[in-house]
Amino acid sequence: MARYLYINHPFQLESGRVLPSVTAAYHTFGTLNAARDNVIWICHALTANSDCQDWWPGLVGPGCTIDPGKYFIVCVNMLGSSYGSTSPLSHDPEAGRPYGLDFPLVTTKDNARFFSLVANYLGLDRIRLLMGGSMGGQHALEWACTEPDRFDLLCVLATNARHSAWGIAFNESQRMAMRADTTLGTDAPDAGKAGLEAARAIAMLSYRHYRTYVATQSEPEPNKYDDFRASSYQRYQGYKLWKRFAPLCYYALSRGMDSHDVGRGRGSVAKALERISASTLIISIDTDILFPIEEQAVLSRHIPNSRLEVMHSDYGHDGFLTEAVKIGEFLSDFLSDQLRIDATTKRAFTDALTGRKFAVPGSEEV
Ligand SMILES: CC(=O)SCCNC(=O)CCNC(=O)[C@H](O)C(C)(C)COP(=O)(O)OP(=O)(O)OC[C@H]1O[C@@H](n2cnc3c(N)ncnc32)[C@H](O)[C@@H]1OP(=O)(O)O
Ligand SMILES: N[C@@H](CCO)C(=O)O
């Protein structure tokens, strides 16, 4: 069950706005050992929650690589989410009602500071492994750049150093669908439902792959001309999210994802990534069209002690959730601290893997 930490003092956001107090919903699994050196901190992605044993089965849980019998596992629900931390659903004391669409922009830098605050409250000065995929990977990278000395190991999957124009375009398309639903943020019954469902259907196109749809949603019989399987899948995925996630929170989180840029305020992406001192495992997914391998190659090029692995998945981007067993295999050596590769080997490896040097604006070498 989630636990709650109520922090009753103002939390200053990057935008200049202030949340008068913040609540953190969090889960822990396992026991902190006497040396306090067995902490694994997991950052969740867009629509997940702090119960990482529930949404990462096969990777987190008894007998898995991230085993609560061995590690003290912590996961905190990000600000803005539907699952208990301060969000658009929370009471705005100044307005005397829930924040709703007035909820301020919470950037990935704000969430990294929020996690740091919670870690301080929990007395976790040193974290053995910080880990996350997708938006969780963005939070992990941002936090590792902010407090490099806090982490021994870092593992990020299907993520990037700065949210791409492609990713922002997907998110804006979803927000356009949500704004076209004029019930969003109102007191209407099912407010924002149609917009959220359309937004999730758009998002699914980026979370999966052409081959995933062809393999799972093609028609079994020929000669069909309407009412396709792929259509009902899209509608069902929208409805499935509506049943568990608040439209206003989804809207807020997608803005937060767009804000992600480890280079902001640090000179460049390259300079920011060079601050990371943790040994870092970076996992790419070969069918990920949302966070393609180019983006993890940038991470690998600039994080000093890092290694890039490419994992196969038929699931596309969402492989970071569904390929839990494979991820566990990549992780187990890493947790024993086997990963020490020199920079020259790493560079040759990255170039060979990607076929060429990738550059994204702001990631230039310094
Ligand atoms: C209570 C909670 O849910 S807490 C939060 C859990 N979620 C998270 O943490 C977020 C991260 N998780 C996810 O994003 C997803 O769950 C994933 C990526 C791990 C898996 O996605 P899924 O939607 O389960 O997988 P998939 O794409 O195979 O779709 C399967 C679902 O679509 C349904 N489906 C498949 N084809 C069709 C179709 N043609 N028409 C209608 N429905 C269809 C299946 O019956 C199944 O339904 P179910 O989920 O109700 O059992
Ligand atoms: N399926 C994931 C995708 C975002 O990375 C989620 O809903 O959180």
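From the backbone N, Cα and C atoms, a Cβ is placed for every residue, glycine too.
What TrEMBL records for this protein:
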type	residues	note
ACT_SITE	S134	active site, nucleophile
ACT_SITE	D288	active site
ACT_SITE	H317	active site
BINDING	R200, D318	substrate binding site
DOMAIN	39-323	domain 'AB hydrolase-1'
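Structure with TrEMBL features highlighted.
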| residue | record | DSSP (3 states) |
| --- | --- | --- |
| S134 | active site, nucleophile | coil |
| R200 | substrate binding site | helix |
| D288 | active site | coil |
| H317 | active site | helix |
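Taking CA atoms as the reference points, D288 (active site) and H317 (active site) are 4 Å apart. Cα spacing between R200 (substrate binding site) and H317 (active site): 14 Å, rounded to the nearest whole number. Cβ-based neighbour count (10 Å, all protein chains) for D318 (substrate binding site) stands at 23. Counting only same-chain residues six or more apart in sequence, the Cβ atoms lying under 8 angstroms from the Cβ of S134 (active site, nucleophile) belong to A45, L46, L157, A158, T159, L290, F291, H317, F320. In the shown protein chains, 25 other C-beta atoms lie within 10 A of the C-beta of H317 (active site). Other Cβ atoms within 10 Å of the Cβ of D288 (active site), summed over all protein chains shown, number 28. Highlighted here are the recorded positions (S134, R200, D288, H317, D318) whose C-beta falls below 6 Å from ligand 1: D318, in sequence order. Within the set of recorded positions S134, R200, D288, S134 have a CB atom less than 6 Å from some atom of ligand 2.
Cβ neighbour count for R200 (substrate binding site): 24 (other Cβ atoms within 10 Å of its Cβ, all protein chains included).
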